[in-house]
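Asks: One structure follows; several queries about it will come next.
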Amino acid sequence: MCVRVPATSANLGPGFDCLGVALDLANEFEFCEADRFRCVVHSTVSPEDARQVATDERNLAWRAFTHLFEHLGKTPPTVALTVMMHVPLGRGLGSSATAIVGGIAAANRWLGSPLSTPEWLLLASRLEGHPDNVVPAALGGCQLSILGETLLTCALDWHPQIALVLAVPDFALATSKARAALPKTVPHTDAVFNAVHLALLVRALATGDARWLAEALQDRLHQPYRTGLIPGWQDVRAAALEAGAWGVVISGAGPSVLALTHLDCAEAVRQAMASTWPNACLYCPGLDPNGCRVEVEAG
């Protein structure tokens, strides 16, 4: 059984912990029945990334796999797990969500799909702690989600002329460190600011309206507290805006940076960001419309 789960970029500015988009870059998790647990990790990103992933029973995909079995009161099988990593670790691209979704989706299919997609997605979101990466990783596209006693998800329209430019720097930022930078409370005016801008962003993404997007991508809940953790943020943001980007946001907890621009400007924005961050990898990723895919080998 092989599970392919896309990378994600969460928040998109004002959508803190509730908004995310699936990208056309994915990790793959292969589960095969075996006589003893084994885990092998390969990375096309870097050998260092592969070394950072646990290959014992602490492996996150394996823990997610067994979590669903235990949730249903079942004994998990012994498997050989192979992980093929294409999503870099610690860059704000939802690598942990790929493991959680991959493990839970595989376990559900292994058992004959006893849980509906909303049911196992709730389990995955609770395991992750927030749904902004997990939901688009599972469902694809751009997703708005709310996690409470239940999980509510809403697929958002994405105008075809909106392009993404992603800058992935050559340094990592631990999500725990990025979370620790956030205050426990924020001014009421900042909360109102984000509520208004998130509402506008939903319409702006659907219409592709340039003025709306330029306004809507602003944030006061998390980015002002995290930009100091990303060396070069101000310069790469300024370069992207100068080249025609509507807005520039931190991808997830960072340190990757995501620019939104018109399709016709994407290459100019990519080159401008690359000239400012010469050691970063620059992409113009498309959206993954499908999300998690499970393939079961016949026989």
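Cβ atoms are placed via backbone N, Cα and C, with glycine included.
Pulled from Swiss-Prot, these are the listed features:
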- Pro88, Leu89, Gly90, Arg91, Gly92, Leu93, Gly94, Ser95, Ser96, Ala97, Thr98: ATP binding site (BINDING)
Asks: Return the residue, from the listed binding-site residues Ser96, Thr98, with the maximum count of other C-beta atoms within 10 angstroms of its C-beta.
Replies: Thr98
Asks: Enter the number of other CB atoms within 10 angstroms of the CB of Gly94 (ATP binding site).
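Replies: For Gly94 (ATP binding site), the 10 Å Cβ neighbour count is 32.
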Asks: Using a 10 Å cut-off on Cβ-Cβ distances across all protein chains shown, tell me which of the binding-site residues (Pro88, Gly90, Gly92) has the largest neighbour count.
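Replies: Max Cβ neighbours within 10 Å, all protein chains included: Gly92.
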Asks: Please list, in sequence order, every residue of the chain apart from Pro88, Leu89, Gly90, Arg91, Gly92, Leu93, Gly94, Ser95, Ser96, Ala97, Thr98 whose Cβ lies within 8 Å of the Cβ centroid of the ATP site.
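Replies: Sorted by sequence, the hits are Ala7, Val87, Gly252.
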